Structures are given as structure tokens and as C-alpha cells.
Amino acid sequence: MRLTMMKCKLHRATVTQADLHYEGSISIDRDYLEAAGILPHEQVDVLNINNGERFTTYAIEAPRGSRTFGINGAAARLAQVGDRIIVVAYAEMEAAEAEQHDPVVVLLDEHNKVIAKPQAA
């Protein structure tokens, strides 16, 4: 049996941009993508801590060191600049592998500075 498990998450990031007229996606600083193990164009869920909204989109790379978390396209109606969000990516795996799997969690402060090194959840 295959299970869908949390692969990684960027926890409590702060939205820095919201562009309703962009084609879609979430722009994330390349440093954070690498820290979490999220690839450009990978599907992610975005959970808005401020308003409870949840949506699925895909990650695109923002410039390294920019601390960017930009909500693009129609999803910009679901998150505003300053909102705190959680970005989650998932992976499918067999049950035996899932039992041994430790997702990566990157904790961020209100300025999108990493406050804890990536670790297993």
C-alpha cells in the first residue's frame, strides 16, 4: 500500500508579496527551497495561519537570499502581505518506508530568518 506522507514543510513563513496578476504559484527564496528539499514546480499546499485558508499550488524559485514568500495569481486573494503561512510538500511511499520516514521541518521567524536548523519532525 502506498501512503502520501509529509515530505517537508516551511513553518510560519511570512508572506512578503501578493501579486494577483501573476500566472500563479508561490515564489520562495531558493535558500528555503533547498533547506526543505522542495523542487521548483513541485506541488505544495499553503496553509494560512491568519485566516485558515488552505490552497494547493506549485513552488517557483525566488532569488537566493531574498527571504521571499510571494503568493501569485488567484491565490493572492487568500493571503496578504504579512500573513504567516505553512508550506507543505508531500511524497508517496510504501508503508514500510513511511514508518522510517522523517520529514524535514524548517522553522522561520516573522522576518523569514531560519530559527531552527532543518530537522526531522
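Including glycine, each Cβ sits where the backbone N, Cα and C put it.
Around the Cβ of Ser25 (active site, schiff-base intermediate with substrate), the number of neighbouring Cβ atoms within 10 Å comes to 19. Summarising the annotation, Swiss-Prot assigns active site, schiff-base intermediate with substrate to Ser25 and lists sequence analysis as the type of evidence.
Annotation source Swiss-Prot lists pyruvic acid (Ser) at Ser25, citing sequence analysis. In the three-state DSSP classification, Ser25 (active site, schiff-base intermediate with substrate) falls within a strand.
Under the three-state DSSP scheme, Ala74 (substrate binding site) falls in the helix class. Residues within less than 8 Å, Cβ to Cβ, of Ala74 (substrate binding site) and separated from it by at least 6 positions along the same chain comprise Leu20, Gly24. The substrate binding site annotation in Swiss-Prot covers Thr57, Gly73, Ala74, Ala75.
Listed in sequence order, Gly24, Ser25, Ile26, His41, Glu42, Gln43, Val44 are the same-chain residues six or more apart from Tyr58 (active site, proton donor) with CB atoms under 8 A from its CB. According to Swiss-Prot, the feature active site, proton donor maps to Tyr58, an assignment based on sequence analysis.
Counting other Cβ atoms within 10 Å of each Cβ, the binding-site residues Thr57, Gly73, Ala75 show the lowest value at Gly73.
Listed in chain order, the extra residues whose Cβ falls within 8 Å of the Cβ center of the substrate site residues Thr57, Gly73, Ala74, Ala75 are Gly24, Ser25, Ile26, Phe55, Ile71, Asn72, Ala76, Leu78. The DSSP secondary structure for Tyr58 (active site, proton donor) is strand.
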